[in-house]
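So the structure is just underneath, and the comments pick up after that.
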Amino acid sequence: MTEITLTAPKRLRGVIQVPGDKSISHRSVLLNAIATGSAHITNFLPGADCLSSVACVRSLGVTVEQPHERELIIHGVGLGGLRESTDVLDCGNSGTTLRLLAGILSGQPFFSVLSGDSSLRSRPQRRVVGPLRAMGAQIDGRADGDRAPLAIRGSTLRGGQYELTIASAQVKSALLLAALYADGPLTLGGRIDSRDHTERMLAAMGVEITVSPDRITLHPPTAATAPVALSLRVPGDPSSAAFWWVAAAIHPDAELVTPGVCLNPTRTGALDVLRAMGAEIEIMNERLEGSELVGDVVVRSSVLRGTTIAGSLIPRLIDEIPVLAVAAACADGETVIRDAQELRAKETDRITTVAAGLSALGVTVEPTIDGMVITGKPDQLTGATLHSYHDHRLAMAWAVAALVARGETTIVEPAAVVISYPDFWQTLAAIQEDV
């Protein structure tokens, strides 16, 4: 399927089981691979990115069974049990796989090479390579380690203190995983205000890690604090649910329910923004599942107004900005997005590609160095031909826009959704009603 053409339906209704959370699915594989014992993972996200993590740990000697598409049994080999791969470790399109594995492999007594597809090989890696080198890691790559392939010769790693300069969960996680192999405690400060699934999972596995608002300290494991396999049900992904939240809010006749979604406070920025814009949102049945807060989210047709998305909100919704930009285009008034320069290091330069797509839909939008200014107006979207550029979140954001655009909207390269939401197009068709 090289393109898909959509028109606006009269009504949206449905209860949508969104895929398992992408971040937690990755970590369930990578952390259990180096734990002791076997872990049973259910509601795993079988998207291309998470399957890259599975393929890589298998190449490193870990046995991973997959009885069903969304179920894994991971037989951990312990902190010292990984084996040198005889081939390049192919991370596909997955920056999470590459960066978290860079942390783990930096402390192994063998040589590894991490690479991926053309998109991943073009994305900046010095943000993780630099801090790992500061811990003593021996990593080389193109552009002095800023581009994959990355060659890693395992070495003795040092603990100490490191100040993070960007709020990146991937960088933070890579350092924490490297610290499992360090000669002393690692303390992280600075921009630690990104999603915290790694910290939660390590603690649940028995690792000695302390977290405060401005510091994270991990102590290298002893025999008593080495990670133990953690079985879990992966909660629904809020970054995937956000497409349905926005769809319901901007459509004139909609009610969509997304049950069992992760409501970890580091991941609920999109809900906070939509509420600030006036969206009618109801959260029911909040509960703890494992170490994560989960709930059922109901969103109904709403009258939205412009807002500002900036500062500490950004790390809590960085992946949802493409679809929040669609919400902003349908709101009354101006929406300002700033402090989001991290968007330029995603699968595409999402500041440029989102602004170009909105402009094609008839929206007045001004891209800036770290975000954009969107002039919103209800009922202003006009169908157009939009490119995903192989970026899964762009493809889905443009599909949401098509639900309220006049005329036909054609999306080129819609198959990009396989990265994080393989069933997206089937779900989109199922919730549309033309009564």
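Backbone N, Cα and C atoms are what each Cβ position is placed from, and that goes for glycine too.
Model, not experiment: these values are computed from the prediction.
Secondary structure at GLY95 (phosphoenolpyruvate binding site), taken from DSSP and collapsed to helix, strand or coil, is helix. For GLY95 (phosphoenolpyruvate binding site), the same-chain residues 6+ apart in sequence whose C-beta sits under 8 angstroms from its C-beta are LEU120, ARG123, GLN170. If you look up Swiss-Prot, you'll see LYS22, GLY95, ARG123, GLN170, ARG350, ARG393 marked as phosphoenolpyruvate binding site, on the strength of sequence analysis.
Around ASP319 (3-phosphoshikimate binding site), the same-chain residues six or more apart in sequence whose CB sits under 8 Å from its CB are SER239, ARG393, listed in sequence order. Taken from Swiss-Prot, the feature 3-phosphoshikimate binding site covers LYS22, SER23, ARG27, SER168, GLN170, ASP319, LYS346.
If you look up Swiss-Prot, you'll see ASP319 marked as active site, proton acceptor, on the strength of sequence analysis. Following the DSSP three-state reduction, the secondary structure of ASP319 (3-phosphoshikimate binding site) is helix.
A count of other CB atoms within 10 A of each Cβ picks out SER23 as the most crowded of the binding-site residues SER23, GLN170.
Rounded to a whole number, the distance between the Cα atoms of SER168 (3-phosphoshikimate binding site) and LYS22 (phosphoenolpyruvate binding site) is 15 Å.
Same-chain residues at least 6 positions away in sequence with a Cβ under 8 Å from that of LYS346 (3-phosphoshikimate binding site) are, in sequence order, ARG123, ASP391, ARG393.
In this structure, the C-alpha atom of SER168 (3-phosphoshikimate binding site) lies 16 angstrom from that of ARG350 (phosphoenolpyruvate binding site). In this view, ARG350 (phosphoenolpyruvate binding site) is surrounded by 26 other Cβ atoms within 10 Å of its Cβ, with every protein chain counted.
When every Cα pair among LYS22, SER23, ARG27, SER168, GLN170, ASP319, LYS346 is compared, the largest distance found for this 3-phosphoshikimate site is 19 Å.
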